[in-house]
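Participant: To start, I am sharing the structure in question, which I have written as structure tokens.
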Amino acid sequence: MAKFVFVTGGVVSSIGKGIVAASLGRLLKSKGYSVSILKLDPYLNVDPGTMSPFQHGEVFVTEDGAETDLDLGHYERFTDTAMSRLNSVTTGSIYQAVINKERRGDYDGRTVQVIPHITREIRERIKRVANNSGADVVISEIGGTVGDIESLPFLEAIREFKGDVKRNDVVYVHVTLLPYIGTSGEIKTKPTQHSVKELRSIGIQPDILVCRSDRPINDELKNKIGGFCGVNSEAVIASLDADSIYSVPLALKDEGLCKEVLDCLDLNDHESDLKDWERLVHKLRNPGPSVKVALVGKYVQLNDAYLSVVEALRHACISHDASLDLHWINAENIESEGAEKLLQGMDAIVVPGGFGNRGVNGKIAAIRWAREQRVPFLGLCLGMQCAVIEWARNIAGLEDASSAELNPNSKHPVIHLLPEQQDVVDLGGTMRLGVYPCRLQANTTGQSLYNEEVVYERHRHRYEFNNSYRTLLMESGYVISGTSPDGRLVELIELKNHPFFIACQYHPEFLSRPGKPHPLFGGLIQAAQIRVPSSPSEAFNPQSKIIEKKSLEQQ
């Protein structure tokens, strides 16, 4: 029988509930418990797949093809456990399910209401994760802030949940903020007291308080908070601002968060094994020489839009004893100012995914710069499509080459709509989504990096390489190093006689893990460390023993 942890947040939004939930998952796993984490988002969208990256940040794709909140990426990276579509719940998906049941007559003519029907559906979703994952502990992060009207059905549902299970099968963790007032020189507890009061008014008494602060919290303050909030002082956990999100699990362990959770759940407090995580944090705090990486995108004003890409770069740098010096380059600025001005001095260039016309010419210019100046390059999804367009225009002689998405009237649509997408009308959840196999060609950089014949990668796209141009581009020097097993879909391309130039149709960033960097990102960083060689004979060699050839596990 699974145990359940509910993580709520108060005082302000973006308090760090996702990192707390992911960190707790890491700590529980280090003690031998299996964990699954789900996110309950209070917005009315069915999923974030159609939301602007400026509104929501990155859309994280699970192996079964769900478009989810970026927090699921944190859950997977911290616990090294694959989540599924069941781990992402929104108000929109709950209401959609309840309305569909009402239309089918499942409620036998009863009046359908928020209580009990919506709250029961929420509880069933949580239990479904427990049943399908078989996890010892299921952690649920409730999005939003206590006091928001949007979160009320979820808070009511988790209040009701304690009536479905034994008391020691559920624990409530509330994350709050302790602001410091400089003029008085004091840390203020009143916002936390009021947040807990609001939570109590709903019927939830938190068992544990995780208090965010930018300065240490002494025992006297913990006793005060515990006394006013009805929580044991040992269960008042200080969470100080950290130098890295990866140091948070160790800090929370030292504060006793995991012990308090295990005590509440009546679980044995086994010896923890965090040696690998401690080594990871040590390397983060003691990096080697910096590597300048340009991330050329169209959503760079919001860093969260490329969260998994940044984390994958960070994982690769940790593995190769490098310090990531990330430069955010707006693709539109390249169009107006030129690639040389903005990319001069970069050790590597990454062009990530995206949609639409804006900034595409800047991405193509950046790719041309990487190719001609022999700067290590990695293209992801749209980044691969732009790389194909750049080569077709400037090397293969197809001046009008483009994507059918960007220019429907192009004479040479080297990127076109997938056949199965021709009659698709709805935007949400209709792309090529989730894990698909990719067969790698022997004696290529891609195959050497993966050290596998077939790999499994996550996709999110509607457009694909147009096979009508495959022969022409290959004859002009393009290398197709990975395809679908039937050879129909081009998944991975690269160039010979270049230090490192590789691009993929999929999203490898979703499979990168701390301590287990994705091979493509690892190859990019190693090539960047070597810098730009002066001749092809000095080019990056993927057979080098320096590379950690860690194959992807089939999820």
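Cβ atoms here come from the backbone N, Cα and C positions, even for glycine.
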Participant: Select one of K127, K222, K224, K253: the residue that Swiss-Prot places in the UTP site alongside S13, K188, T189, K190, P191, T192, Q193.
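Facilitator: UTP site check in Swiss-Prot: besides S13, K188, T189, K190, P191, T192, Q193, the record includes K224 out of K127, K222, K224, K253.
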Participant: Figure out which of G338, G345, G354, G434 sits with L382, G383, M384, Q385, E405, R462 in the L-glutamine site per Swiss-Prot.
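Facilitator: Swiss-Prot names G354 for this L-glutamine site.
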Participant: Look at the ATP binding annotation in Swiss-Prot, where S14, I15, G16, K17, G18, I19 are given, and name the residue from D69, D71, D80 listed for that site too.
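Facilitator: It is D71, as the record lists it for that site.
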Participant: What Cα-Cα separation, expressed in whole Å, is found between G354 (L-glutamine binding site) and H507 (active site)?
Facilitator: 11
Participant: Please state whether DSSP places R462 (L-glutamine binding site) in a helix, a strand or coil.
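Facilitator: Its secondary structure by DSSP: coil.
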Participant: Which has the fewest other Cβ atoms within 10 Å: K224, H507, the recorded positions listed?
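Facilitator: Looking at the recorded positions K224, H507, the Cβ with the fewest others within 10 Å is that of K224.
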Participant: Suppose we draw a 10 Å sphere around the Cβ of I149 (CTP binding site). How many other Cβ atoms does it contain, all chains included?
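Facilitator: There are 8 such Cβ atoms around I149 (CTP binding site).
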Participant: By a 10 A CB contact count over all chains shown, which of the recorded positions listed here is most packed: E405, E509?
Facilitator: E509
